[in-house]
């Protein structure tokens, strides 16, 4: 039977991956929801207007939306299907994307209900990353602890 930590990581990875594939697809194409796609286009236009530096770098609202959508789809697929270290990399990239999205929402003055999802999924991504990293650090700590105990035992003087 799998450990609770493993079950948690797998469940979070799968759920978060599917969510980001879905949301990224909405940003890229109107096939899933025309209304949501139109809303995304409108929102990204306001983000691009609020950051004139993007325009100076040649990043239009369309390009920004497509970059973020592609990152979400790609990293969502990795979180859902790819085992091992690439999941942590995808998790970190998505966490950075969520921070950028929160920044954009704050920049344009959106109310909390417009960006609550980004806040919640940013927290979930952080939790998933912390749990995954904690699971990897534990064997190393135990090995170091055993080495310290062995070193202490060697330094003890036997009294007989």
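Cβ coordinates come from backbone N, Cα and C, glycine included.
What Swiss-Prot says about this protein:
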REGION    137-160  region 'Disordered'
TOPO_DOM  1-5  topological domain 'Cytoplasmic'
TOPO_DOM  27-61  topological domain 'Lumenal'
TOPO_DOM  83-88  topological domain 'Cytoplasmic'
TOPO_DOM  110-113  topological domain 'Lumenal'
TOPO_DOM  132-160  topological domain 'Cytoplasmic'
TRANSMEM  6-26  transmembrane segment
TRANSMEM  62-82  transmembrane segment
TRANSMEM  89-109  transmembrane segment
TRANSMEM  114-131  transmembrane segment
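Proximity of distant same-chain residues to the topological domain 'Lumenal' (27-61), defined by a Cβ-Cβ separation under 8 Å and at least 6 residues beyond the stretch ends, is recorded for 67-70, 72-73, 104, 107-108. If one looks beyond the topological domain 'Lumenal' (110-113) by at least 6 residues along the same chain, no residue has a Cβ coming under 8 Å of a Cβ in the stretch.
Across the topological domain 'Lumenal' (27-61), DSSP classifies residues as 25 helix, 0 strand, 10 coil.
Residues of the topological domain 'Cytoplasmic' (1-5) grouped by DSSP class, helix first, strand second and coil last, total 2 helix, 0 strand, 3 coil.
Sorting each residue of the topological domain 'Lumenal' (110-113) by its DSSP state yields 2 helix, 0 strand, 2 coil.
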